[in-house]
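To keep things clear, I will list the structure first and then write my remarks on it.
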Amino acid sequence: MLPSISLLLAAALGTSAHYTFPKVWANSGTTADWQYVRRADNWQNNGFVDNVNSQQIRCFQSTHSPAQSTLSVAAGTTITYGAAPSVYHPGPMQFYLARVPDGQDINSWTGEGAVWFKIYHEQPTFGSQLTWSSNGKSSFPVKIPSCIKSGSYLLRAEHIGLHVAQSSGAAQFYISCAQLSITGGGSTEPGANYKVSFPGAYKASDPGILININYPVPTSYKNPGPSVFTC
């Protein structure tokens, strides 16, 4: 039996409503998909992670695979992470960094352990509904802290779709990790209170993950994960 037109349309809309984070660039230049970003498992289907205890919650990779290249950026500068086609769902954009230990190769390092510190999270605008500035956008500037040590880092981009998050396990995580070489840094190492592991940073019951954003409309929002590290 041939599938109905309505089923085909639903499938097409479902795919188009999802997205990836395949590129990162500095200055005004653009880069190829997955050039500096580790190719995520959703590179073909634009899917999402819904299990916060899965290994995919780290960089959306079931099997480790490095990026083609590592992007060199100066500490204190702003770079841009790109979505494809664009963020479609309401929810926060968040960014984490993890420094590759001295003596290890960024291409083989997986980012395991309590090494991730948050450098940005998005708060909504409150009113008759929650409004997220990331919704509908395809590029996201993120500033590299000026005080952190120079070295090799993974930059983890994460958008959490909260449109159906009133049920446990229904929040949608869109994730990828870029490879950076940060130069001209300072001497600061974020403290243990800022660092988390993936998996381990989130619980499915966290108030910023298990939440009904539609009714009653929340008057506050607590981002999942640690506090944002600042210099």
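Cβ from N, Cα, C; glycine included.
What Swiss-Prot lists as signal peptide is 1-17, and the listing cites sequence analysis.
As annotated by Swiss-Prot, Cu(2+) binding site applies to His18, Asp50, His89, Tyr174, with the evidence given as experimental evidence. Proximity of His89 (Cu(2+) binding site) to non-local residues of its own chain (separation of 6 or more, Cβ distance below 8 Å) is seen for Ala17, Asn135, His159, Gly161, Leu162, His163, Gln172, given in sequence order.
Look at Asp50 (Cu(2+) binding site): DSSP puts it in coil. Taking Cβ-Cβ distances under 8 Å and a sequence separation of 6 or more, the neighbours of Asp50 (Cu(2+) binding site) in its chain are Gly169, Ala170, Ala171, Gln172, Phe173. Annotation source Swiss-Prot lists O2 binding site at Asp50, His163, Gln172, citing similarity to another entry.
In the three-state DSSP reading, Cys59 (disulfide bond) counts as helix. Taken from Swiss-Prot, the feature disulfide bond applies to Cys59-Cys177 (among others).
On its own chain, Cys147 (disulfide bond) has Ala75, Gly185, Gly186, Ser187, Thr188, Cys231 as residues at least 6 apart in sequence with a Cβ closer than 8 Å to its own Cβ. Annotation comment: Swiss-Prot describes Cys147-Cys231 (among others) as disulfide bond.
For the pair formed by Cys177 (disulfide bond) and His18 (Cu(2+) binding site), distance between Cα atoms is given as 18 Å, rounded to the nearest Å. The residues near the Cu(2+) site, meaning same-chain residues not in His18, Asp50, His89, Tyr174 whose C-beta sits within 8 angstroms of the mean position of the site's C-beta atoms, are Tyr19, Gly47, Phe48, His159, Gly161, Gln172, Phe173, in sequence order.
The sparsest Cβ neighbourhood within 10 Å, among the listed binding-site residues (His18, His163), is found at His163. Excluding Asp50, His163, Gln172, which define the O2 site, the same chain contributes Phe48, His89, Ile160, Gly161, Leu162, Val164, Ala165, Ala170, Ala171, Phe173 within 8 Å (Cβ to the Cβ centroid), listed in sequence order.
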